[in-house]
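Engineer: I grabbed these lines from TrEMBL:
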type	residues	note
ACT_SITE	96	active site, tele-AMP-histidine intermediate
BINDING	8, 27, 83, 89, 90, 91, 92, 98	substrate binding site
DOMAIN	2-109	domain 'HIT'
MOTIF	94-98	motif 'Histidine triad motif'
SITE	114	site 'Important for induction of apoptosis'
Ligand code: AMP
């Protein structure tokens, strides 16, 4: 079973959170430990296409997920970011919020985090896609902090 993240079919093993209208998934190429993505269930490229209910659900989900990843990955803060459209650096045409645990001194300059986000487009030794197993292990770990992923209101069941 998979869910859509733009053109990508994401295995349920990568999904750790499901609300009425959003998913939380682990990242193929995280720039920090606990860097995860929050996406609307509807596969649309731009933030402006979301309904008020989707915007609300997406940001409430990012808040809930942010609390957990900040604590569990020993963060002291969070970078919460959205690249909304290719000209802003978006590479996957499906609305997504990056939730990134931060610590004092993790980058030499605080805003280097945005340059680093840009680097995920490049495949090199430092930025290799993670294995399915590694991503599944992180999703398994995170899943324990959220309500069970079950069929709800006709949404895809993540328990199968
Ligand atoms: P952006 O450049 O803002 O569009 O961010 C795209 C994000 O999606 C990056 O953090 C990528 O590492 C991540 N990404 C790309 N493909 C996948 C995938 N198949 N599964 C999980 N994350 C992905």
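Cβ from N, Cα, C; glycine included.
Where the annotation comes from TrEMBL, it is an automatic prediction and has not been curated.
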Engineer: What mean pLDDT does the predicted model reach across the motif 'Histidine triad motif' (94-98)?
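Structural biologist: That stretch averages a pLDDT of 98.
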Engineer: Quick one: pull the CA-CA distance for residue 98 (substrate binding site) versus residue 114 (site 'Important for induction of apoptosis'), whole Å only.
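Structural biologist: For residue 98 (substrate binding site) versus residue 114 (site 'Important for induction of apoptosis'), the Cα atoms are 11 Å apart.
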Engineer: Mind checking which residues of the chain, 6+ beyond the ends of the motif 'Histidine triad motif' (94-98), have their Cβ under 8 Å from one of its Cβ atoms?
Structural biologist: 4-6, 35-40, 43-47, 49-50, 58-59, 62, 79-84, 117
Engineer: Neighbour count, 10 Å Cβ-Cβ cut-off, for residue 27 (substrate binding site): what number do you get?
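Structural biologist: Other Cβ atoms within 10 Å of residue 27 (substrate binding site): 21.
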Engineer: Work out how many Å separate residue 96 (active site, tele-AMP-histidine intermediate) and residue 83 (substrate binding site) at their Cα atoms, rounded off.
Structural biologist: 8
Engineer: Of 27, 83, 114, the recorded positions listed, which put a C-beta under 6 Å from ligand 1? Please answer none if none do.
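Structural biologist: Close enough to ligand 1 are 27, 83.
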Engineer: Please report how many Å separate the Cα atom of residue 89 (substrate binding site) from that of residue 114 (site 'Important for induction of apoptosis'), as a whole number.
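Structural biologist: Cα-Cα, rounded: 10 Å.
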Engineer: Where among the binding-site residues 83, 90, 91 do you find the Cβ with the fewest other Cβ atoms within 10 Å?
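Structural biologist: Least crowded of the binding-site residues 83, 90, 91, by Cβ count within 10 Å, is 91.
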Engineer: Taking every protein chain shown into account, which of the recorded positions 8, 96, 98 has the largest tally of Cβ atoms within 10 Å of its Cβ?
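Structural biologist: Highest number of other Cβ atoms within 10 Å: 96.
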Engineer: Taking the Cα atoms as reference points, how far is residue 91 (substrate binding site) from residue 114 (site 'Important for induction of apoptosis') in Å?
Structural biologist: 14
Engineer: At the level of the C-alpha atoms, what whole-angstrom distance separates residue 92 (substrate binding site) and residue 114 (site 'Important for induction of apoptosis')?
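Structural biologist: If we compare the Cα positions of residue 92 (substrate binding site) and residue 114 (site 'Important for induction of apoptosis'), the gap is 16 Å.
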